[in-house]
Each structure stands twice: as structure tokens, then as C-alpha cells.
Amino acid sequence: MAVERDLRNRNWWTEFGKAATRAKASPLLLGRAADGKGSGSSGGGGGGGDGEGGTLSRRLGLADLILLGIGASIGAGIFVVTGTVAHDAGPGVVLSFALAALVCVPNALSYAELSNHFPALVGGAYMYSYSTFNELTAFLVFCHLMLDYHIGAASITRSLASYFITLLQVFPVVQSLPAWVGPGGLELLGGVLSINVLAPLFLVVLTVILCQSVRESSIINDVMTVTKVVIVLMVIAVGCSKVDPSNWTPFAPNGATAIITGTTIVFFAYVGFDAVANSAEESKNPQRDLPLGILVSLLVCAGLYVGVCLVITGMVPYFELGGDAPLANAFREKGLTFVSVLIDIGAVAGLTTTVLVGLYVQSRLYLGLGRDGLLPSFFAKIHPDHHTPIVAQIWVGLVAAILAGLFNVSHLSHILSVGTLIAYSVVCACVIMLRLNPEVQWQQLEVQPSDKGLTRSQEAVVCIVSIALSGFLLGLCYRTGAHVAYGIALLMVMALLAIPLHTRQEYVRPSGFCCPWVPLLPILSIALNMFLFAQLHWEAWVRFIVLNIIAILVYAFYGQHHAGANTTLNQHSPLYQRAPVLDSDITPDNLTI
């Protein structure tokens with residue numbers, strides 16, 4: 001009996017290992033179907049996705065994608081976080097936002113390359129990791145992103161309800177509303193429950209809009225995003241007349257450390273990459289528009305953040321900033337009450353677009369997993385008339401409404417951002433791995449071992465993981481104030497690990513938009529992301545471990561048995577989903593070693 005049990009265990013682990021290392025097959029003819037023909041369910045994967053409902057509708061232009069990225073990134077953060085960080089960093093908060101944008105550039109370039117070469121399918125970081133690494137990695141990326149999106153949507157909607165009530169308090173009848181309607185919540189059971197009625201109503205309305213058509217929801221996002229951008233520009237223009245340059249001295253009252261700490265906080269103000277990437281299947285011209293949408297939205301957001309920081313720190317001494325509405329308070333102190341009302345309107349518009357885009361991205365991620373079989377196939381159902389993932393959209397709206405209506409999840413904000421950093425790092429790793437080795441060699445299924453007995457791809461994975469770990473340890477050294485020698489040693493280790501990635505590997509340069517300086521730029525991005533990961537609250541690290549365990553169990557008992565109809569047992573699938581090989585300008589003769 002013991003022998004039989006041992007054999008069963010071995011067989012189970014063998015099957016689990018085979019399933020976990022499957023990678024999504026990459027159809028060659030998928031990428032240029034910008035009109036939607038030949039691009040829908042054929043790329044979805046196994047698990048019954050094809051039979052559940054056709055394709056999404058390609059209705060998003062370049063302007064829609066840019067506004068989608070801005071809508072996802074700029075919420076109440078520009079009206080709150082700017083002042084809060086300035087309270088500690090002083091006028092140097094300008095450098096905090098600029099450095100954060102600079103750190104995001106390699107992430108944005110990596111997203112832009114993959115969105116250009118995987119333009120036909122939804123999924124973003126999940127789909128990139130599924131096609132590059134393996135099924136289990138992709139599922140873990142999805143779980144971390146989804147927890148961030150679910151909790152974030154509920155928390156932001158709570159803030160939206162509070163801002164909305166504050167905006168309406170100009171009317172006397174609104175000032176007497178009970179707590180359970182919107183301002184805060186009605187605490188029950190010692191704070192375990194926090195009843196809020198207005199927040200779920202907002203989510204129901206937004207879900208109904210998203211279920212109608214991507215065009216209608218895009219129009220709503222465009223209008224509200226333009227509104228908040230115009231308000232921000234007005235705030236900057238009006239505030240310039242009230243700037244006192246003496247308030248910018250001292251520029252860094254608490255030194256460089258406060259500026260760097262502020263960078264780790266405001267980094268998460270730039271989160272629109274995955275939202276744009278997940279609109280691939282609904283973009284009119286994805287190969288051209290997706291990279292432009294990602295990069296332009298990043299530059300616009302960076303410009304707005306820096307402009308607001310310059311104005312607010314010039315208007316009011318930095319030590320007077322802080323609180324729940326520092327930007328609005330600064331204008332009230334200057335006697336510009338009408339501007340503070342505009343700021344409240346901008347905050348409502350900003351939060352609304354952030355929630356709208358978040359719900360949109362969640363539904364597209366569930367759609368991708370439903371198609372691939374990692375989740376039940378009903379998530380892949382697309383409405384025949386509206387061309388939206390109707391079941392997935394209702395599901396994410398329902399989850400957010402329950403969380404926002406019954407719980408005050410804002411105190412969980414310290415465990416968020418894990419999914420963002422993980423997704424960014426995996427996307428950068430995908431760029432390195434997908435550039436690795438000539439395409440012809442992969443087509444012939446040749447695997448060349450290195451001198452150490454590892455294949456080139458395995459060697460690259462070891463180096464990438466080691467660089468990520470070194471970046472995390474470097475972040476811990478900075479956080480704990482360890483001796484500078486430890487930091488220098490870790491930087492030297494990362495430099496040594498980058499050498500084989502640069503010299504011992506072979507890279508190709510796909511046609512179309514490409515991230516420059518591969519592998520050095522993605523390596524730098526991975527190291528910086530893990531450095532920031534080390535700055536998160538320790539409970540975020542616990543969340544990372546616990547969620548990984550739960551996700552692996554879900555995959556082991558469900559996902560591995562229902563996925564895999566459109567996968568390959570090859571470790572990687574580096575053929576980008578864009579055009580027939582004959583259209584590519586890459587040949588074995590122009591590869592560099």
C-alpha cells in the first residue's frame with residue numbers, strides 16, 4: 001500500500017509539473033487582424049472559450065487609449081498624494097514624481113514592445129507571461145493583479161462616495177445625511193462591518209455602462225478624463241499667479257532620503273500600462289496605437305503631477321500641507337474658494353474614471369482566463385449584441401459592490417501594489433526571454449546547452465531571478481539603514497549577473513516598436529521594481545506568500561485539469577503574435593550573437 005501511495009504521489013507531482021510548465025501556443029497569423037477578423041477566440045486557448053461567445057469589438061482609437069491610460073493613473077492622487085508627500089519631502093516632491101516617472105519608463109517601454117507584438121488578445125501581463133514562461137506563472141500574476149484590482153476598486157469607490165457627498169454639501173439637505181448613505185460608513189460589530197449604500201450604487205451604474213459597449217464606456221471615460229485634465233490645467237494656471245518662490249527654499253528640507261522615500265510612494269500613481277495593454281482586442285490599430293497609448297499617457301501623467309507639485313509647494317509652505325485635501329485647502333487659504341470646488345469636481349471625475357478603467361481591466365482578465373480554461377468557461381461569454389464580456393463584467397462589479405458596501409477596505413491599502421510590481425517585473429522579464437535565441441532555432445525545437453549544462457533560456461531565468469532577489473535585498477539594506485558596503489556588494493552582484501545575460505545570450509530585434517537596450521534596460525527595471533517591493537509594509541510580503549499558496553492550490557485542484565488545449569510543452573513560445581514569418585524583417589543572416 002505504501003508503494004502504491006508513493007507511486008500515486010509521484011504521478012500527481014509529475015502531472016502537476018507538466019501542467020505548470022505549459023506555455024501558451026502563439027498563432028502566427030493573429031497579429032495583423034486589426035479589424036477583428038481572425039483575431040477573436042482562436043487566440044483564446046482551451047477550456048471552452050471558443051464556444052462561449054465570439055469576439056470583442058475593435059472600436060478604440062489612439063485618443064481613447066491615451067485617455068484610458070490617463071484615466072487609470074490620475075485619480076484623487078493628484079489632489080491628495082501630491083500634498084501629503086510634499087509635507088515630508090518639501091518642494092523636492094517634484095523630484096519624487098519625476099524620479100518615479102523615470103523609473104516607470106523601462107516598465108512602459110517593455111509593455112509597449114509586448115503590446116505591439118501581442119496585439120490581438122486581452123490579458124496584458126497575464127497573457128505575456130503565459131506565452132513566455134508557463135501556465136503557473138501566468139496564473140500567479142493574474143491572482144496578484146486581481147487582488148489589487150478588487151480591493152482597489154472597493155476602496156476607491158468608498159472615497160468616491162465621500163467626495164461626492166462633500167461636493168453636494170453645498171446644499172443644506174445633504175449636510176444631514178446619515179453615515180450609512182455615503183460619508184464614511186455605519187460601523188457595526190465593532191468595526192467588522194461598515195455599511196455604505198452609495199458606493200455600491202456607483203459600482204452598479206458603472207457596471208451597467210461597461211456591459212453596454214466598449215464604445216459607450218470609452219466615451220464616458222473620455223469625457224470625465226478630459227474634464228479632470230482641464231481642471232488640473234486650470235488649477236496649475238491659476239495657482240501660478242499665487243506662487244511665492246521663497247516657499248521653494250529649502251528645496252529638500254529633509255534631505256535626499258525623504259525624496260527617495262516619496263518616490264517609492266508616488267511610483268504607484270503611474271499604473272495605466274496594464275489597462276492600455278488589456279484593451280488590445282478592442283483597439284482599431286493595436287500594433288501602432290498600443291505602444292503610443294502607453295508611452296504618451298505616461299508622459300502626460302508625469303507632466304501633470306510635476307506641474308501640480310510645483311504650484312502647490314510654491315503657494316503654501318511645505319510644512320502646512322497634508323491632510324485629506326491639501327490641494328483644495330491650499331487654494332482656500334489663498335481665498336480661491338471657487339478653485340477648491342473645481343478640485344472637488346476633478347477628484348470625483350478622477351476617482352470615477354479610475355474605478356471605471358479598473359472594472360474594465362478586471363473583466364478582460366477574467367475573459368482571458370475563461371478562454372484558457374484556468375477559470376470556468378462562462379467567464380469567456382461575450383454578449384452577441386454588445387460585444388462585451390457580460391458575465392465577467394457583472395462578476396467583477398458584484399465583488400466590488402459587496403466589498404464596498406459591507407467593508408471599509410481602505411485599511412488594506414498597505415498590502416496593495418504587490419500585484420503591480422510583480423506584473424511590471426514579469427513583463428520586463430518577458431521582453432528579455434522573448435528576445436532570446438533565433439526564431440529559426442525555436443521553430444526547429446533546437447535547445448543548445450551551455451557549458452554548465454543549462455540551456456541558454458534556463459541560464460537567463462536563473463540570472464533574472466537572482467537579479468530580482470538582489471534588488472529586493474538592496475531595498476532591505478536601504479530600508480534598514482545597513483552599511484553602505486552591503487549595498488555596493490549587491491550592486492556588484494547584479495552587475496556580474498547582467499554580464500552573462502548580455503554576452504552569453506543571443507537576442508533578436510523584432511520588427512515594429514522595440515524596447516531599446518535589451519537586456520540592460522529591462523534588467524534595471526526589474527531591480528528597481530524589487531527595490532520598491534522591499535519598501536512595502538511587511539504585511540504586503542505576508543500577502544505575497546499567502547496568496548501564492550492559495551493560488552497554487554486553486555491551480556492544482558482546478559486550473560491544471562481544465563486548461564491546456566492551446567498550449568505547448570515547450571518551455572517558451574517566443575514567436576510574437578503579430579504577422580506571418582514572411583512579413584518579418586528578421587532572418588538568420590542578420591542575427592547578431
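Cβ from N, Cα, C; glycine included.
TrEMBL labels come from automatic prediction, so no person has curated them.
Annotated in TrEMBL:
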type     : residues : note
TRANSMEM : 132-151  : transmembrane segment
TRANSMEM : 188-211  : transmembrane segment
TRANSMEM : 223-239  : transmembrane segment
TRANSMEM : 251-271  : transmembrane segment
TRANSMEM : 292-316  : transmembrane segment
TRANSMEM : 336-361  : transmembrane segment
TRANSMEM : 390-409  : transmembrane segment
TRANSMEM : 415-434  : transmembrane segment
TRANSMEM : 460-478  : transmembrane segment
TRANSMEM : 484-501  : transmembrane segment
TRANSMEM : 513-534  : transmembrane segment
DOMAIN   : 513-562  : domain 'Cationic amino acid transporter C-terminal'
TRANSMEM : 540-558  : transmembrane segment
Counting a contact as 3 or more Cβ pairs under 8 Å, with residues at least 6 apart in sequence, do the transmembrane segment (336-361) and the transmembrane segment (223-239) touch?
yes
For the transmembrane segment (132-151), what are the same-chain contacts with Cβ under 8 Å, counting residues 6+ beyond its ends?
19-24, 125-126, 274, 358, 361-362, 365, 369, 374, 396, 399-400, 403, 409, 412-413, 415-420, 422-423, 426, 429-430, 433-434, 543-544, 547-548, 550-552, 554-555, 559-560, 563-564, 567, 571-574
Taking pairs 6 or more apart in sequence, does the count of Cβ pairs under 8 Å between the transmembrane segment (415-434) and the transmembrane segment (390-409) hit 3 or more?
no
Outside the transmembrane segment (540-558), six or more residues from its ends: residues with CB under 8 Å to it:
16, 20, 135-136, 139-140, 143-144, 147, 374, 414-418, 422
Close approaches to the transmembrane segment (390-409) from elsewhere in its chain (Cβ under 8 angstroms; 6 or more beyond its ends):
149-151, 153-155, 157-158, 185, 191, 193-197, 199-200, 203-204, 206-207, 210-211, 355, 359, 362-364, 366-367, 370, 378-383
